[in-house]
There are 2 protein chains.
Amino acid sequence: MTHPTSPFRALFTGLSAFPLTPIRDEEVDEAAYAGLIERLVAAGVDSITALGSTGSYVYLSTGERARVAQLTVDHAAGTPVFVGVGALRTREVLANVRAAEAAGAQGLLLAPVSYHPLTEDDVFELFRTVTSATDLPIVVYDNPGTTHFTFTTDLYARLAELDGVASIKIPGLPLSPREFAAHVEAIRAATGNQVSIGISGDALGAAGLNAGCDAWYTAVGGTLPAPMLAITRAAVNGEAERASELSADLQPLWDLFAEFGGSLRVTAAIAEHLELVAAPSLPLPILGLTDSQKRRVAEVVETLNLH
Amino acid sequence: MTHPTSPFRALFTGLSAFPLTPIRDEEVDEAAYAGLIERLVAAGVDSITALGSTGSYVYLSTGERARVAQLTVDHAAGTPVFVGVGALRTREVLANVRAAEAAGAQGLLLAPVSYHPLTEDDVFELFRTVTSATDLPIVVYDNPGTTHFTFTTDLYARLAELDGVASIKIPGLPLSPREFAAHVEAIRAATGNQVSIGISGDALGAAGLNAGCDAWYTAVGGTLPAPMLAITRAAVNGEAERASELSADLQPLWDLFAEFGGSLRVTAAIAEHLELVAAPSLPLPILGLTDSQKRRVAEVVETLNLH
């Protein structure tokens, strides 16, 4: 069985790095952002996903998002660029799609951002509308911690039938290796093996790749590409144990994510500590970590020799 | 003990009606909106809160929100108007504050809208920033079902100390009358009795007023003011049993809210059935109720003789 989305699937494999969008004095710090992109290119990431959750996409205006999409492509030196287009309103999503197309993006990331809880039909129709409006392949962004929408495997299957849906970004789950592999296999079966499956949740990247995911959509890999690429290469080459060991070496980092409420504030603190971005770098009302928390992040960065 | 916010507290009592912002062909239907406001004035509501959750505030652009704020004041005929200014980013909140001031609003409603989960310090600093930027009194909008931020009574107390915080809109809770009264009393004690306390959650409006709340911030009352005013007047006049009976008479309506995932879609369907707004009236991706669900809403409207 052939499927129109199949040609795109290979694009959504390996490590896709999600850079921060640094904010300085309430504006996007374009010079710092360009530096982050060039750093990812130099590290050799497989793709760059601009304006993911780590890229603060929902906090930016349509104009800022268009500009960030363009900056990404301009500095990506041919590395494939995917652009997050999610927004609370379908009208805004479509404006973001047009901007990503104009910038030269090779793919789109779409999350069902919600305020009033969305129904499964609302979400299906959103994806149907967007896939009808563009020829770019789309990554379904399943991130219930931020969107507060929970996908079912049945909805994955409905979405995979839409021309243009090329990948599903699944949340990390605290499963045993065997359970994780069965979970990925169940999604693969339900979606007719037509879409790539990517893991998010940085602490579970190695586990997800070892469980058979095609891609790692990594937030921290947008700021620390080298150690995350080492994990990815090991897993993709079949060295599952090596991938797990490399990830276990980073346990102090994963512990900070768990303690400080996710990867965003910690990743921003890392980028600030490495002087890749100026502090503070997150959009208000997000204050970022406190000074004492930032000192603990700096200690872990130094101890693990992250750079 | 005196407090600068005390003079404002009386403003935030009785029934505050939250109108829909009808959307037609992806634009605000200004004529229909003006009609909704005039209907609330004719019914004699105590205040009108434009751009609440029911008013789809987060789905509208800054320009649309400024226009809706102005339309509300222009058609309110002197009824006090409060305007929802919440947004994901503090920068946008402040722009909405300026627009509400320019429109002639008498108060602001501010919810800690989130994508990345907010900390208590993030939220406190947001309210501190906004109260510093305006002389208008502010209603703290606690709506964890949409903002995904949970207030503590301790945070209520910190916020009540800010000059300008005049009221707290608390979510409805499934408590016994005695527990509900104790809950309201605990908030009153923690906030030094300096702010008004308003109940939201339409099915629990009577229970909240009977438990000692000063105000009912009512979504469905923005479309059906008369029956909600009858409940409010009974409760405010000390006729607790009468208020409970009037609310119990509307149980088929509350049941629809519970079954169809909240008040928004049902309230929009009521407004469409009563031809106050054209269908569909909600912003995409929210599709609204299905045709069969809308027929059930229409049956309840007719059976209860709601108008």
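In case you wondered, yes, glycine gets a Cβ from its N, Cα and C as well.
Automatic prediction, not curation, is the source of TrEMBL annotations.
The secondary structure of A:TYR141 (active site, proton donor/acceptor), as reduced to three states from DSSP, is extended strand. Taken from TrEMBL, the feature active site, proton donor/acceptor applies to A:TYR141.
A:LYS169 (active site, schiff-base intermediate with substrate) carries a strand DSSP state (E or B). Spatially close to A:LYS169 (active site, schiff-base intermediate with substrate) yet at least six residues away along the chain are A:LEU109, A:VAL139, A:VAL140, A:TYR141, A:ASP142, A:ASN143, A:GLY198, A:ILE199, A:SER200, A:ALA215, A:TYR217, judged by Cβ distances under 8 angstroms. Per TrEMBL, the feature active site, schiff-base intermediate with substrate maps to A:LYS169.
The pyruvate binding site annotation in TrEMBL covers A:THR54. Taking Cβ-Cβ distances under 8 Å and a sequence separation of 6 or more, the neighbours of A:THR54 (pyruvate binding site) in its chain are A:PHE18, A:PRO19, A:LEU20, A:ALA219, A:GLY222, A:SER263, A:LEU264, A:THR267.
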For a quick check of packing: other C-beta atoms within 10 Å of the C-beta of A:TYR141 (active site, proton donor/acceptor), how many? 29
